[in-house]
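Just below is one structure, and these are the notes that go with it.
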Amino acid sequence: MVTSTAALLLGAVLLVAQLQLVPSRPATPGAEPGQLELERRGAPLQGEGQEGAAPNGSAQQLPQTIIIGVRKGGTRALLEMLSLHPDVAAAENEVHFFDWEEHYSQGLGWYLGQMPFSSPHQLTVEKTPAYFTSPKVPERVYSMNPGIRLLLILRDPSERVLSDYTQVFYNHVQKRKPYPSIEEFLVRDGRLNVGYKALNRSLYHVHLQNWLRFFPLRRIHIVDGDRLIRDPFPEIQKVERFLKLSPQINASNFYFNKTKGFYCLRDGGRDRCLHESKGRAHPQVDPRLLNKLHEYFHEPNKKFFELVGRTFDWH
């Protein structure tokens, strides 16, 4: 009898110990946004399984912040600068979960697996600039987490068009493939080619309206990409405040590299700059064509300024 009682007591102790090791999970009524979807799809929750947790207590978490765009607006620079903060864990690559069907069809469990390991106090961030202009993405992000904080970095739309072309041009050069001049894309039958995709991506008010159907403007922080290039520290301070992060990034974290012509980062005595593909010179464009670009974006820019309640120093 004594032996049987001892065995029962030992079993109870082991059961309690096992329960303490299982990560806590919110009950269904109060589950975190996105957590229920993980349960429905049978994917591992944060802290579960080999992919979800690490021995040091860190875990993969769904992002609490996403840099949604815009393409060639400075998303990589913003992510690298934000990564200076000790309370930020950033996904290294563009994930393309919400805009690529082959990824989205694999569910939030797959998305979680693309996230970096982070401590409970850290904010997980991912950036995919194509999200901003993808019609299906706002609703999909909202379904995952309606309370998420979104970062949108924008540049002068005319400059963004030129950067867009420049990136594709150099991609072709590296592959030793011919590529038309920018004039061939921008002009059709003597008029501005409004069907050019790069132009459409710079119609910021059109794409933002799609996001505002699901998220209030207070959930979207707009970073001035042109100011981030000229003087990054004040812009990154605003991002810290929006994300409710303690002020940890300092002016000393930035230094101007005269050779490259833009600001680089200094992190714990280690200097690092963006990849050489950043900051490439734009093609020479006929001033008359540039004027056409500026005229084309005048009304769209005005609508965007009215939409967000602020102005930007754009042509």
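Note that Cβ sites are derived from N, Cα and C of the backbone, with glycine treated the same way.
Here is what TrEMBL says about this protein:
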- 1-24: signal peptide (SIGNAL)
- 63-302: domain 'Sulfotransferase' (DOMAIN)
- Lys72, Gly73, Gly74, Thr75, Arg76, Arg155, Ser163, Tyr263, Lys278, Gly279, Arg280, Ala281, His282: 3'-phosphoadenylyl sulfate binding site (BINDING)
- Lys72: active site, for sulfotransferase activity (ACT_SITE)
- Cys264-Cys273: disulfide bond (DISULFID)
### Query
In sequence order, which same-chain residues at least six apart have a C-beta under 8 angstroms from Cys273 (disulfide bond)?
Asn257, Lys260, Phe262, Cys264, Leu265
### Task
Could you tell me which of these binding-site residues, Lys72, Arg76, His282, has the greatest number of Cβ atoms within 10 Å of its own Cβ?
Lys72
### Query
Going along the chain, which residues six or more apart from Gly74 (3'-phosphoadenylyl sulfate binding site) have their CB under 8 A from its CB?
Ile153, Arg155, Val223, Gly225, Leu228, Ile229
### Summary
All chains considered, the count of other Cβ atoms within 10 Å of the Cβ of Cys264 (disulfide bond) is 17
### Task
Enter the number of other CB atoms within 10 angstroms of the CB of Ser163 (3'-phosphoadenylyl sulfate binding site).
22
### Query
How does the model score the domain 'Sulfotransferase' (63-302) in terms of mean pLDDT?
94
